[in-house]
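Undergrad: My questions will all concern the structure given below.
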Amino acid sequence: MTDIAPVSARRDLSQAPLLVAAAGGRPSRVPVWFMRQAGRSLPEYHEFRAGTPMLEACLDAEMVCEITLQPVRRHGVDAAILFSDIVVPLRAAGVDLDIVPGTGPVVAEPVRSAADVARLPRLSEDQVRPVADGVGLLLRELGDTPLIGFAGAPFTLASYLIEGGPSRNHERTKALMRSEPDTWHALLGRLTEIASTFLRVQVAAGVDAVQLFDSWAGALSERDYREFVLPYSAAVFASLADAGIPKIHFGVGTGELLGAMRQAGADVVGVDWRIPLDEAARRLRAADPGGPEPVVQGNLDPALLFASPDVLEREIVRIVDEGRSAGGHIFNLGHGVLPHTDPDVITRVTEFVHGLSPADAS
Ligand SMILES: Cc1c2[nH]c(c1CCC(=O)O)Cc1[nH]c(c(CCC(=O)O)c1C)Cc1[nH]c(c(CCC(=O)O)c1C)Cc1[nH]c(c(C)c1CCC(=O)O)C2
(Lines of atoms letter the chains of each structure in order from A and count residues from 1; the text may use other names and numbers.)
(Lines give C-alpha, C1' and ligand atoms only; values in the text may rest on other atoms or scores of the structure.)
Protein backbone atom coordinates (compact mmCIF):
# COMPACT_ATOMS: atom_id res chain seq x y z
CA MET A 1 0.00 0.00 0.00
CA THR A 2 2.63 2.50 1.02
CA ASP A 3 4.40 1.94 -2.28
CA ILE A 4 1.61 3.60 -4.19
CA ALA A 5 1.07 6.44 -1.73
CA PRO A 6 1.90 9.79 -3.32
CA VAL A 7 5.36 11.08 -2.46
CA SER A 8 3.88 13.95 -0.48
CA ALA A 9 2.12 11.46 1.83
CA ARG A 10 5.45 9.86 2.67
CA ARG A 11 7.17 13.10 3.65
CA ASP A 12 6.40 14.47 7.09
CA LEU A 13 7.52 18.08 7.09
CA SER A 14 5.39 19.17 10.03
CA GLN A 15 8.47 19.57 12.25
CA ALA A 16 10.89 20.78 9.57
CA PRO A 17 12.68 23.72 11.26
CA LEU A 18 12.56 25.86 8.10
CA LEU A 19 8.79 25.53 7.73
CA VAL A 20 8.11 25.91 11.45
CA ALA A 21 10.20 29.10 11.56
CA ALA A 22 8.59 30.44 8.38
CA ALA A 23 5.16 30.00 9.97
CA GLY A 24 6.23 31.91 13.08
CA GLY A 25 6.36 28.77 15.25
CA ARG A 26 9.16 27.52 17.51
CA PRO A 27 11.54 25.30 15.57
CA SER A 28 13.65 22.62 17.28
CA ARG A 29 16.77 24.41 16.02
CA VAL A 30 17.58 27.57 14.08
CA PRO A 31 17.09 26.49 10.46
CA VAL A 32 19.97 27.26 8.13
CA TRP A 33 20.55 27.15 4.40
CA PHE A 34 22.73 29.18 2.06
CA MET A 35 21.79 31.09 -1.05
CA ARG A 36 23.88 29.58 -3.86
CA GLN A 37 24.70 26.57 -1.71
CA ALA A 38 24.59 24.44 -4.87
CA GLY A 39 27.23 25.02 -7.47
CA ARG A 40 30.52 26.76 -7.62
CA SER A 41 31.88 26.17 -4.12
CA LEU A 42 31.57 22.39 -4.42
CA PRO A 43 34.23 20.23 -6.14
CA GLU A 44 31.62 17.51 -6.72
CA TYR A 45 29.55 20.06 -8.67
CA HIS A 46 32.45 20.96 -10.98
CA GLU A 47 33.15 17.30 -11.54
CA PHE A 48 29.52 16.36 -12.20
CA ARG A 49 28.71 19.32 -14.49
CA ALA A 50 32.00 19.26 -16.45
CA GLY A 51 31.25 19.58 -20.16
CA THR A 52 27.57 20.50 -19.75
CA PRO A 53 26.64 24.17 -20.22
CA MET A 54 24.93 25.72 -17.19
CA LEU A 55 21.50 26.21 -18.79
CA GLU A 56 21.52 22.73 -20.30
CA ALA A 57 22.10 21.31 -16.81
CA CYS A 58 19.18 23.39 -15.49
CA LEU A 59 16.86 21.77 -18.06
CA ASP A 60 17.97 18.19 -17.36
CA ALA A 61 15.85 16.67 -14.57
CA GLU A 62 18.48 14.20 -13.39
CA MET A 63 21.22 16.81 -13.26
CA VAL A 64 18.92 19.22 -11.43
CA CYS A 65 18.22 16.51 -8.88
CA GLU A 66 21.83 15.52 -8.29
CA ILE A 67 23.22 19.09 -8.07
CA THR A 68 20.41 20.17 -5.73
CA LEU A 69 21.19 17.25 -3.40
CA GLN A 70 24.95 17.80 -3.24
CA PRO A 71 24.98 20.58 -0.61
CA VAL A 72 22.25 18.86 1.43
CA ARG A 73 24.34 15.69 1.67
CA ARG A 74 27.55 17.56 2.39
CA HIS A 75 26.45 20.28 4.82
CA GLY A 76 23.30 18.92 6.47
CA VAL A 77 21.43 22.15 5.76
CA ASP A 78 17.73 22.54 6.61
CA ALA A 79 16.59 23.12 3.04
CA ALA A 80 17.46 22.25 -0.50
CA ILE A 81 17.16 24.99 -3.10
CA LEU A 82 16.32 23.86 -6.58
CA PHE A 83 19.32 24.01 -8.90
CA SER A 84 18.17 26.43 -11.57
CA ASP A 85 18.70 30.07 -12.45
CA ILE A 86 16.54 33.15 -12.67
CA VAL A 87 16.98 33.22 -16.47
CA VAL A 88 15.90 29.58 -16.98
CA PRO A 89 12.23 30.44 -17.76
CA LEU A 90 13.34 33.16 -20.21
CA ARG A 91 15.60 30.74 -22.02
CA ALA A 92 12.95 28.00 -21.92
CA ALA A 93 10.45 30.44 -23.46
CA GLY A 94 12.87 31.07 -26.32
CA VAL A 95 14.76 34.24 -25.39
CA ASP A 96 18.26 34.07 -26.88
CA LEU A 97 20.51 34.28 -23.83
CA ASP A 98 23.32 32.41 -22.18
CA ILE A 99 25.09 32.26 -18.84
CA VAL A 100 28.71 33.19 -19.40
CA PRO A 101 30.99 31.72 -16.72
CA GLY A 102 32.39 34.42 -14.46
CA THR A 103 30.02 37.05 -15.94
CA GLY A 104 26.44 35.89 -15.57
CA PRO A 105 23.46 36.04 -17.92
CA VAL A 106 24.08 37.70 -21.32
CA VAL A 107 21.14 38.51 -23.61
CA ALA A 108 21.74 38.46 -27.39
CA GLU A 109 19.13 41.11 -28.24
CA PRO A 110 18.41 43.43 -25.31
CA VAL A 111 14.82 44.62 -24.83
CA ARG A 112 14.68 48.40 -25.21
CA SER A 113 11.48 49.37 -27.04
CA ALA A 114 7.78 48.64 -27.11
CA ALA A 115 8.35 46.50 -30.20
CA ASP A 116 11.00 44.47 -28.34
CA VAL A 117 8.54 43.89 -25.50
CA ALA A 118 5.82 42.81 -27.91
CA ARG A 119 8.23 40.25 -29.38
CA LEU A 120 9.01 38.67 -26.00
CA PRO A 121 7.72 35.11 -25.99
CA ARG A 122 5.32 33.76 -23.41
CA LEU A 123 6.22 30.76 -21.27
CA SER A 124 4.18 27.58 -21.50
CA GLU A 125 4.25 25.06 -18.69
CA ASP A 126 5.57 22.39 -21.07
CA GLN A 127 8.69 24.41 -21.77
CA VAL A 128 9.81 24.01 -18.15
CA ARG A 129 8.65 20.40 -17.80
CA PRO A 130 12.23 19.19 -17.03
CA VAL A 131 12.22 21.47 -13.97
CA ALA A 132 8.98 19.90 -12.73
CA ASP A 133 10.44 16.45 -13.42
CA GLY A 134 13.54 17.41 -11.43
CA VAL A 135 11.33 18.44 -8.50
CA GLY A 136 9.56 15.07 -8.73
CA LEU A 137 12.88 13.20 -8.52
CA LEU A 138 13.99 15.36 -5.60
CA LEU A 139 10.90 14.73 -3.52
CA ARG A 140 11.76 11.03 -3.56
CA GLU A 141 15.29 11.69 -2.32
CA LEU A 142 14.90 14.52 0.15
CA GLY A 143 13.02 12.81 2.95
CA ASP A 144 12.06 15.42 5.49
CA THR A 145 14.27 18.19 4.12
CA PRO A 146 12.11 20.88 2.49
CA LEU A 147 12.72 21.91 -1.11
CA ILE A 148 12.69 25.62 -1.95
CA GLY A 149 11.68 26.57 -5.48
CA PHE A 150 12.47 30.01 -6.85
CA ALA A 151 12.15 32.57 -9.59
CA GLY A 152 13.65 35.93 -10.43
CA ALA A 153 11.32 38.83 -9.70
CA PRO A 154 10.10 40.96 -12.62
CA PHE A 155 12.44 43.90 -11.87
CA THR A 156 15.62 41.84 -11.68
CA LEU A 157 14.69 39.93 -14.84
CA ALA A 158 13.92 43.24 -16.58
CA SER A 159 17.34 44.57 -15.65
CA TYR A 160 19.10 41.64 -17.37
CA LEU A 161 16.87 41.93 -20.44
CA ILE A 162 17.24 45.69 -20.80
CA GLU A 163 20.94 46.00 -19.95
CA GLY A 164 21.76 42.86 -21.95
CA GLY A 165 23.75 41.47 -19.03
CA PRO A 166 24.88 42.21 -15.49
CA SER A 167 24.92 45.91 -14.67
CA ARG A 168 26.39 47.94 -11.84
CA ASN A 169 24.21 51.04 -12.27
CA HIS A 170 21.12 49.73 -14.10
CA GLU A 171 21.11 52.97 -16.08
CA ARG A 172 19.24 51.80 -19.16
CA THR A 173 16.71 50.05 -16.93
CA LYS A 174 16.00 53.13 -14.83
CA ALA A 175 15.97 55.39 -17.89
CA LEU A 176 13.39 53.21 -19.64
CA MET A 177 11.32 52.89 -16.47
CA ARG A 178 11.07 56.65 -16.06
CA SER A 179 11.06 57.80 -19.72
CA GLU A 180 8.81 55.17 -21.25
CA PRO A 181 6.52 54.03 -18.46
CA ASP A 182 4.07 52.33 -20.86
CA THR A 183 6.83 50.16 -22.28
CA TRP A 184 8.06 49.49 -18.75
CA HIS A 185 4.65 48.41 -17.50
CA ALA A 186 4.13 46.18 -20.54
CA LEU A 187 7.50 44.53 -19.95
CA LEU A 188 6.96 44.02 -16.24
CA GLY A 189 3.50 42.63 -16.94
CA ARG A 190 4.97 40.08 -19.31
CA LEU A 191 7.71 39.13 -16.85
CA THR A 192 5.12 38.76 -14.10
CA GLU A 193 3.36 36.13 -16.21
CA ILE A 194 6.62 34.29 -16.86
CA ALA A 195 7.71 34.28 -13.21
CA SER A 196 4.23 33.23 -12.06
CA THR A 197 4.05 30.37 -14.56
CA PHE A 198 7.53 29.17 -13.59
CA LEU A 199 6.66 29.21 -9.88
CA ARG A 200 3.27 27.61 -10.35
CA VAL A 201 4.89 24.73 -12.24
CA GLN A 202 7.28 24.24 -9.32
CA VAL A 203 4.44 24.43 -6.78
CA ALA A 204 2.34 21.92 -8.73
CA ALA A 205 5.37 19.60 -8.82
CA GLY A 206 5.58 19.79 -5.04
CA VAL A 207 8.13 22.36 -3.78
CA ASP A 208 7.69 23.15 -0.09
CA ALA A 209 8.47 26.89 -0.16
CA VAL A 210 9.35 29.48 -2.78
CA GLN A 211 11.78 32.38 -2.87
CA LEU A 212 11.34 35.33 -5.20
CA PHE A 213 14.76 36.84 -5.89
CA ASP A 214 14.63 40.57 -6.55
CA SER A 215 18.38 40.76 -6.22
CA TRP A 216 18.85 44.22 -7.71
CA ALA A 217 15.73 46.00 -6.37
CA GLY A 218 17.94 47.73 -3.79
CA ALA A 219 19.19 49.96 -6.61
CA LEU A 220 15.83 51.78 -6.53
CA SER A 221 14.38 54.46 -4.29
CA GLU A 222 11.41 53.32 -2.26
CA ARG A 223 9.26 55.71 -4.27
CA ASP A 224 10.20 54.16 -7.61
CA TYR A 225 10.03 50.66 -6.14
CA ARG A 226 6.46 51.24 -5.00
CA GLU A 227 5.30 52.69 -8.31
CA PHE A 228 7.19 50.59 -10.85
CA VAL A 229 8.01 47.28 -9.18
CA LEU A 230 5.93 46.39 -6.14
CA PRO A 231 2.63 45.83 -8.02
CA TYR A 232 4.31 43.20 -10.20
CA SER A 233 6.07 41.33 -7.41
CA ALA A 234 2.76 41.44 -5.54
CA ALA A 235 1.02 39.91 -8.56
CA VAL A 236 3.57 37.08 -8.65
CA PHE A 237 2.91 36.32 -4.98
CA ALA A 238 -0.84 36.68 -5.49
CA SER A 239 -0.66 34.03 -8.22
CA LEU A 240 0.54 31.64 -5.48
CA ALA A 241 -2.13 32.56 -2.96
CA ASP A 242 -3.69 29.10 -3.14
CA ALA A 243 -0.35 27.27 -2.85
CA GLY A 244 -0.35 27.10 0.94
CA ILE A 245 3.45 27.25 1.22
CA PRO A 246 5.75 29.97 2.63
CA LYS A 247 6.79 32.75 0.28
CA ILE A 248 10.25 34.29 0.81
CA HIS A 249 11.30 37.58 -0.80
CA PHE A 250 14.92 38.65 -1.06
CA GLY A 251 17.00 41.47 -2.49
CA VAL A 252 20.42 43.02 -1.89
CA GLY A 253 20.75 46.49 -0.36
CA THR A 254 17.04 46.58 0.38
CA GLY A 255 17.17 48.04 3.91
CA GLU A 256 14.95 50.94 2.79
CA LEU A 257 12.58 48.62 0.91
CA LEU A 258 11.95 45.90 3.49
CA GLY A 259 8.52 47.17 4.48
CA ALA A 260 7.42 47.50 0.87
CA MET A 261 8.75 44.02 0.10
CA ARG A 262 6.69 42.60 2.94
CA GLN A 263 3.66 44.42 1.59
CA ALA A 264 4.21 42.68 -1.74
CA GLY A 265 2.93 39.56 0.01
CA ALA A 266 5.98 37.81 1.45
CA ASP A 267 5.77 35.63 4.56
CA VAL A 268 9.53 35.79 5.08
CA VAL A 269 11.81 38.66 4.07
CA GLY A 270 15.50 38.15 3.32
CA VAL A 271 17.91 40.74 4.67
CA ASP A 272 21.45 41.43 3.48
CA TRP A 273 24.27 42.23 5.95
CA ARG A 274 23.85 46.01 5.80
CA ILE A 275 21.27 46.26 8.57
CA PRO A 276 20.90 44.12 11.69
CA LEU A 277 18.00 41.68 11.91
CA ASP A 278 16.42 43.40 14.91
CA GLU A 279 16.24 46.65 12.95
CA ALA A 280 14.92 44.74 9.92
CA ALA A 281 12.21 43.21 12.13
CA ARG A 282 11.25 46.69 13.37
CA ARG A 283 10.87 47.97 9.82
CA LEU A 284 8.85 44.92 8.79
CA ARG A 285 6.58 45.24 11.81
CA ALA A 286 5.94 48.90 11.03
CA ALA A 287 4.88 47.97 7.49
CA ASP A 288 2.09 45.69 8.77
CA PRO A 289 1.31 46.75 12.34
CA GLY A 290 -1.70 44.47 12.81
CA GLY A 291 -0.13 41.55 10.97
CA PRO A 292 1.77 38.52 12.21
CA GLU A 293 5.19 38.99 13.77
CA PRO A 294 7.69 39.30 10.89
CA VAL A 295 9.92 36.38 9.94
CA VAL A 296 13.41 37.25 8.68
CA GLN A 297 16.06 35.37 6.74
CA GLY A 298 19.75 36.18 6.73
CA ASN A 299 22.09 37.89 7.22
CA LEU A 300 25.74 36.85 7.44
CA ASP A 301 28.04 38.75 5.10
CA PRO A 302 29.26 36.07 2.64
CA ALA A 303 32.74 37.62 2.77
CA LEU A 304 32.98 36.63 6.46
CA LEU A 305 33.15 32.97 5.43
CA PHE A 306 36.75 33.92 4.61
CA ALA A 307 37.43 35.36 8.12
CA SER A 308 39.03 33.60 11.08
CA PRO A 309 36.85 31.07 12.95
CA ASP A 310 36.52 33.22 16.09
CA VAL A 311 35.39 36.28 14.11
CA LEU A 312 32.92 34.15 12.20
CA GLU A 313 31.50 32.54 15.34
CA ARG A 314 31.05 35.86 17.11
CA GLU A 315 29.23 37.21 14.10
CA ILE A 316 26.93 34.18 13.95
CA VAL A 317 26.09 34.46 17.66
CA ARG A 318 25.25 38.15 17.18
CA ILE A 319 23.02 37.41 14.18
CA VAL A 320 21.13 34.59 15.90
CA ASP A 321 20.70 36.80 18.94
CA GLU A 322 19.34 39.71 16.87
CA GLY A 323 17.13 37.28 14.97
CA ARG A 324 15.37 36.36 18.22
CA SER A 325 13.62 39.73 18.21
CA ALA A 326 11.68 38.67 15.08
CA GLY A 327 8.73 36.30 14.97
CA GLY A 328 11.02 33.77 13.33
CA HIS A 329 14.54 33.57 11.91
CA ILE A 330 15.97 31.44 9.13
CA PHE A 331 19.77 31.67 9.17
CA ASN A 332 21.33 32.39 5.77
CA LEU A 333 23.88 34.63 4.15
CA GLY A 334 23.04 38.20 3.20
CA HIS A 335 23.69 37.20 -0.44
CA GLY A 336 24.95 34.11 -2.26
CA VAL A 337 27.99 31.98 -1.47
CA LEU A 338 30.97 33.62 -3.16
CA PRO A 339 33.16 31.67 -5.58
CA HIS A 340 36.26 30.23 -3.86
CA THR A 341 34.43 29.85 -0.54
CA ASP A 342 35.82 26.83 1.33
CA PRO A 343 32.92 24.35 1.49
CA ASP A 344 34.20 23.02 4.83
CA VAL A 345 33.54 26.44 6.34
CA ILE A 346 29.93 26.23 5.14
CA THR A 347 29.58 22.84 6.86
CA ARG A 348 31.09 24.24 10.08
CA VAL A 349 28.76 27.25 10.04
CA THR A 350 25.79 24.91 9.64
CA GLU A 351 26.92 22.83 12.62
CA PHE A 352 27.65 25.91 14.71
CA VAL A 353 24.20 27.42 14.07
CA HIS A 354 22.59 24.09 14.90
CA GLY A 355 24.48 24.08 18.19
CA LEU A 356 22.89 27.38 19.21
CA SER A 357 19.59 26.54 20.80
CA PRO A 358 16.81 28.76 19.47
CA ALA A 359 15.52 29.00 23.04
CA ASP A 360 18.80 29.95 24.66
CA ALA A 361 18.29 33.70 24.56
CA SER A 362 21.27 35.62 25.88
C1 LIG B 1 20.96 37.45 -10.00
C2 LIG B 1 20.81 35.94 -10.05
C3 LIG B 1 21.24 35.09 -11.09
N4 LIG B 1 20.91 33.80 -10.73
C5 LIG B 1 20.29 33.79 -9.50
C6 LIG B 1 20.18 35.14 -9.08
C7 LIG B 1 19.51 35.59 -7.83
C8 LIG B 1 20.36 35.32 -6.65
C9 LIG B 1 21.50 36.29 -6.48
O10 LIG B 1 21.24 37.51 -6.36
O11 LIG B 1 22.62 35.83 -6.43
C12 LIG B 1 19.72 32.68 -8.76
C13 LIG B 1 20.44 31.40 -8.75
N14 LIG B 1 21.35 30.91 -9.65
C15 LIG B 1 21.72 29.66 -9.28
C16 LIG B 1 20.99 29.28 -8.13
C17 LIG B 1 21.09 27.87 -7.60
C18 LIG B 1 20.57 27.44 -6.41
C19 LIG B 1 21.39 27.81 -5.20
O20 LIG B 1 21.17 28.88 -4.61
O21 LIG B 1 22.24 26.97 -4.79
C22 LIG B 1 20.19 30.38 -7.79
C23 LIG B 1 19.23 30.53 -6.61
C24 LIG B 1 22.69 28.79 -9.95
C25 LIG B 1 23.81 29.43 -10.68
N26 LIG B 1 23.76 30.52 -11.51
C27 LIG B 1 24.99 30.74 -12.04
C28 LIG B 1 25.89 29.76 -11.56
C29 LIG B 1 27.35 29.67 -11.92
C30 LIG B 1 27.43 28.93 -13.22
C31 LIG B 1 28.61 28.05 -13.27
O32 LIG B 1 28.71 27.11 -12.48
O33 LIG B 1 29.44 28.29 -14.18
C34 LIG B 1 25.15 28.92 -10.71
C35 LIG B 1 25.62 27.69 -9.99
C36 LIG B 1 25.32 31.80 -12.99
C37 LIG B 1 24.75 33.13 -12.68
N38 LIG B 1 23.44 33.48 -12.85
C39 LIG B 1 23.25 34.78 -12.41
C40 LIG B 1 24.51 35.27 -11.97
C41 LIG B 1 24.76 36.65 -11.41
C42 LIG B 1 25.44 34.22 -12.13
C43 LIG B 1 26.88 34.18 -11.71
C44 LIG B 1 27.86 34.43 -12.79
C45 LIG B 1 29.23 34.01 -12.34
O46 LIG B 1 29.82 34.76 -11.52
O47 LIG B 1 29.69 32.97 -12.77
C48 LIG B 1 21.93 35.45 -12.34
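For all residues, glycine too, the Cβ spot is worked out from N, Cα and C.
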Undergrad: Given that TrEMBL annotates Arg36, Gln37, Ala38, Gly39, Arg40, Asp85, Tyr160, Ser215 as substrate-binding, name the residue from His335, His354 that shares the site.
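TA: Answer per TrEMBL: His335.
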Undergrad: Give, as a single whole number between 0 and 100, the mean pLDDT over the domain 'Uroporphyrinogen decarboxylase (URO-D)' (148-164).
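TA: Across the domain 'Uroporphyrinogen decarboxylase (URO-D)' (148-164), the average pLDDT comes out at 98.
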Undergrad: List the residues of the same chain that sit at least 6 positions away from Asp85 (site 'Transition state stabilizer') in sequence and have their Cβ under 8 Å from its Cβ, in sequence order, or write 'none'.
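TA: Correct list: Met54, Leu55, Cys58, Ile99, Pro105.
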Undergrad: Relative to ligand 1, which of the recorded positions Arg36, Ala38, Arg40, Asp85, Tyr160 have a Cβ found under 6 Å from one of its atoms?
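TA: Only Arg36, Ala38, Arg40, Asp85 meet the Cβ criterion.
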Undergrad: Minimum Cβ neighbour count within 10 Å among the binding-site residues Arg36, Ala38, Tyr160, His335: which residue?
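TA: So among Arg36, Ala38, Tyr160, His335, the binding-site residues given, the one with the fewest Cβ atoms within 10 Å is Arg36.
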Undergrad: What are the sequence-distant neighbours of Arg40 (substrate binding site), meaning same chain, six or more residues apart, C-beta distance under 8 angstroms?
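TA: The list for Arg40 (substrate binding site) reads His46, Val337, Pro339, given in order along the sequence.
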